[in-house]
Amino acid sequence: MDIIKQLLKHYFYLILVFSIGRLSLFVWQFDRFSHTPDYWLTFVYGIKMDTILALMLLVPLLFLLTLAPKVLAKFVDKLLGYYFLIVLMLVIFIESATFPFFAQYDIRPNYLFVEYLEHIREVSSMLIADYKMVFLATSVVMFIVARAYLKQAQQQFLCCFDWPYIKRVALLLPLFLIFLIGIRSSFGHRPANLSDALYSPNRILNEVTKNSLYSILYAIYSNKHDGSIKRYGSMKIDDAIQRVKHRLNIQNTHPKYIFNRTVGTHFKQNKNKNLVIFIQESIGAQFVAAVGGEDGITPHFNQLANNGLLFTDAYSNGTRSIRGLAGLVAGNFSIPGKGVLKRNKSQQDFFTMASLLKSHQYETVFLYGGESRFDNMKSWFSGNGFDRIIEQNDFANPKYVGSWGVSDEDLVIKANQEFKKYHDQGQKFAAVMFSTSNHAPFDFPEDKIDLIEGVAVKSVKNAIKYADYAIGQFIKLAQKEDYYKDTIFVIAADHDVRVYGDDLVPVNHFHIPALIFGQGVPTTTYDKISTQPDILATALDLMGIEGLSHPIQGHSIFSDKKQNVTLMQFNDSYALRQDDTVAVIRPNKKPLTFLYKNGQLNATTHDKTLEQDALAFVITLDYLYNNTLHQ
């Protein structure tokens, strides 16, 4: 029975680490779900998640201890000892990393955790600055645990080989069945998966229930399998497309491309305008007084809002920069899985405002103060219509360089120089600028802003105030140049800084500031729901180009086709909002309907049409990508 003892011992080692992590997270976040019924069930469902993963990790022990011949006993003993040590260190590291990740994103680690490891320099500087004590403590704990395990683990598996080989092999079948039952954790036709942790209407409690390493592995698996779209439900593609067209009020005029249609302009003029889209990193509406947020953080944006077209109820596609960039540059909603900036089939022949305007003799440029390889931006922009990519290495003698690149002030100075050159050459241009200021560790130059009282110097609010300062500097520079009167300017955020909230989809944290201004732009506010694709469509309308053909999944606000609808992606959940009714769909879960009131989702009776339309969006977006039809 030594084999069973060893398997049980190592199982309990893993369960102990998982349980300590869950209990710590439970205590830390308790105030956010203390009012929720049956919150104690998080430990019951949590053990289920932990057991699934623990048994998966113990499969090598099961097979080697039962099938390896005695002649290999010493080798297997060392192999399994080191294997489990690596597993144990990995589990401790992931459980420890859960806390800074949760503090940043309000969720357990998922595929984003893996993606950020691709940019280790930028991410490590951010983590070291903000969470150095966490990682120091983790290192100490890992060292102590490793020493203790190695000390007691010497020759721990040798006793298992004292059993006759036939008996060990015979033990494999019953143990394998136990492992199979535990890993499957379901007697239904489907095995248990991450959705089994979603037992509560409180999102935070569901996150506590999950297992971090399991969440990461499940996200990797889901992102690598095209069939993952089936987790949301099934619908005939023709039905899905028609539902989306009806909900968005889009009728294509192109025989192949589903949303491509020719649209007129409401602003006819003799000379077409240039276009500059200045995308702000992580600035939610909560920080911008002009759209109902806190006062004193964005004075320059607030001032500009008095002289332009202000979107007071605009919403981001998702919670990542790549989702916002796709919305504001390509006019599409968030596809399931990886964003289009990182997908193979969208690296070329994928619609963007640049590919559209190039056919109208515009020069196109993307300007970014950091390294454009981040989030695969360089490949995506250059492959989809942008003539030039200006990044960190292209800035000669910048005034300030932080962890994420040159300062936003350097960015706007460079942009102004480039735009002036285009104008002097008589060349129409379209540009996308992307700020870097509001990114941990929140590096920005000294003596540029009056620091906000009561917060750390390197903080979200001060970083946003510096980004706003750069906006003001850009407009001051631009107003002195001749190109200013011929240009439509867009300032909009990619997403909010951190998407917190107990709701399954925290809709209030998708609210972003957006503004369009320039000569000829109406000075007004648009108070209805608008999306990032709507903002792009409106900017193109204001340029005065007649007969543009595009597949943007939205409308100019000056069009009578504009709908009061938005689609939001939060992790692997989608929320389709029509007016104040919100349908939420999640993988392997029944859809839900809510009323959005006072910044919160309140459960209501099912709106089956809206719920089915939410599924239709997910299926259609996936279909568009896989068949390269966003053109």
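Including glycine, each Cβ sits where the backbone N, Cα and C put it.
TrEMBL annotations: computationally assigned, not manually curated.
In the record from TrEMBL, residues D494, H495 bind Mn(2+); the candidate from E207, E281, E294, E363 listed for the same site is E281.
The Cβ neighbour count for S321 (active site), using a 10 Å radius over every protein chain in view, is 21. For the domain 'Sulfatase N-terminal' (273-545), the model gives a mean pLDDT of 95. Below 8 A, the CB atoms of the transmembrane segment (170-187) and the transmembrane segment (42-68) form 3+ pairs separated by six or more positions in the chain. The 10 Å shell around the Cβ of H439 (substrate binding site) contains 22 further Cβ atoms across the protein chains shown. If you measure from the Cα atom of H439 (substrate binding site) to that of S321 (active site), you get 11 Å.
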